[in-house]
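*Asks:* Would you mind keeping the following structure in view while I ask a few things?
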Amino acid sequence: MYYDFYTGGAEDQCTLKENEEAFRRIIIQPRILRNVRCIDLSTTVLGYNISMPVMIAPTSLQKLANPEGEIATARAASACNTIMVLSTSSTYSLEEVAACCDAIRFFQLYVYKRRDISAKLVQRAENNGYKAIVLTVDSPRLGRREADVKNKLVVPPLKNLEGLLPTKFVSDEKGSGLAALASGTLDASFCWEDITWLKSITNLPILIKGVLTREDAIKALEVGVDGMIVSNHGGRQLDYSPATISVLEEVVDAVGGKVPVLVDGGIRRGTDIFKALALGAQAVLVGRAVVYGLAAKGEKGVNRVLEMLKEELELTMALSGCCSVKEISRSHVRTKHDQQLRSML
């Protein structure tokens, strides 16, 4: 049941598969005879220095993978000097995660029908040293994740919502426990105008997670967000939505450098990270890979996953002639669209 929860996507899982396949259609164009003796992978996100352009995506219910759950993941993030985004639907409270180590932490937020609950979560995050709010904007309803429906997924208590909402939801014949939780609590009326409300209750920067089009990127700039994450929720919401890497450049071009653009979805290798950076992402977020490491070996497993990605990215940069992430440019990759244009010339 829990393995299916982590690995599965929505409906036919087309978007889930395409997230990975789209990376494979991008070709790396290396530069030769460059001095690559020293490689610097460090970068900044919202002014925070991190050792590599890889962050930990918000992934819910991590105790299902390992009893140490989000605590182990946060400690691994701290050890690797990168940023962890903690899910609202975590199995340790945001206070417990904040107390366990000195990792740089962002807090992922869902907006509930009772806005006071969302406001309390934001205030708790700010009071406990979280550095940004990551607002998930692609989930007015939960996507149909058929494996969870079949398994009648049982949701453990959500620590951040204790005392605020019922923390146990039972599945019915139509869906999983998670679907029951979402349909009963999430605010499907939340829209662009409500970003103003969110900005009014916090001094933290706000990133929106779930941007997939040029039009929404422009709208996000108009309402004053501080960053965007190109994301399709790991292929778990709207099936047949585009692979994130395939629309990354469209969003980056629309933003025009005004705010940072990050991307998640389908990132499995250092070469994937390199391709995302070449197409304009400031950093990537990884979710499933981290959970698999957590399930295998707890904190050490997450640490090893991050180390593997770092090692692979460093090698890719060296073989492509790049000494720092700033040197990775659009000219280092060729997309399917580029190839079609070349064939027309």
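The backbone N, Cα and C atoms fix where each Cβ goes, glycine too.
Among the features that TrEMBL reports, active site, proton acceptor is placed at His233. Residues or ranges marked as FMN binding site by TrEMBL: Ser87, Gln108, Thr136, Lys209, Ser231, Arg236, Asp264, Gly265, Gly266, Ile267, Arg268, Gly287, Arg288. Positions annotated as glyoxylate binding site by TrEMBL: Tyr110, Arg145, His233. Annotated domain 'FMN hydroxy acid dehydrogenase' per TrEMBL: 1-338, in sequence order.
I would like each feature placed in context: is it buried or exposed, what are its neighbours, and how far apart are things?
*Replies:* Sequence-distant neighbours of His233 (active site, proton acceptor) (same chain, 6+ residues apart, CB-CB distance under 8 A): Thr136, Asp138, Ser139, Gly143, Gly210.
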*Asks:* If I take every residue in the domain 'FMN hydroxy acid dehydrogenase' (1-338) and average their pLDDT values, what number comes out?
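*Replies:* Summarising the domain 'FMN hydroxy acid dehydrogenase' (1-338) by its mean pLDDT gives 94.
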*Asks:* Among all chains shown, work out which of the binding-site residues Arg145, Arg268, Arg288 has the most CB atoms within 10 A of its CB.
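*Replies:* Buried the deepest by this measure is Arg145.
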*Asks:* What's the longest C-alpha separation between any two of Tyr110, Arg145, His233, the listed glyoxylate-binding residues, in angstrom?
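*Replies:* Greatest Cα separation within the listed binding residues comes to 19 Å.
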*Asks:* Look at each of the binding-site residues, Ser87, Thr136, Ser231, and point out the one with the fewest other Cβ atoms around it within 10 Å.
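*Replies:* Looking at the binding-site residues Ser87, Thr136, Ser231, the Cβ with the fewest others within 10 Å is that of Thr136.
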*Asks:* Around Gly266 (FMN binding site), which residues of its chain at least 6 apart sit with Cβ under 8 Å of its Cβ?
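*Replies:* Non-local contacts for Gly266 (FMN binding site): Glu18, Asn19, Glu20, Glu21, Ala22, Phe23, Ala243, Thr244, Ile245, Asp272.
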*Asks:* Give me the count of other Cβ atoms within 10 A of the Cβ belonging to Asp264 (FMN binding site).
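*Replies:* The Cβ of Asp264 (FMN binding site) has 27 Cβ neighbours within 10 Å.
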*Asks:* Out of the binding-site residues Ser87, Asp264, Arg288, give me the one sitting nearest to Tyr110 (glyoxylate binding site) by CA distance.
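*Replies:* Looking at Cα distances from Tyr110 (glyoxylate binding site), the smallest one goes to Ser87.
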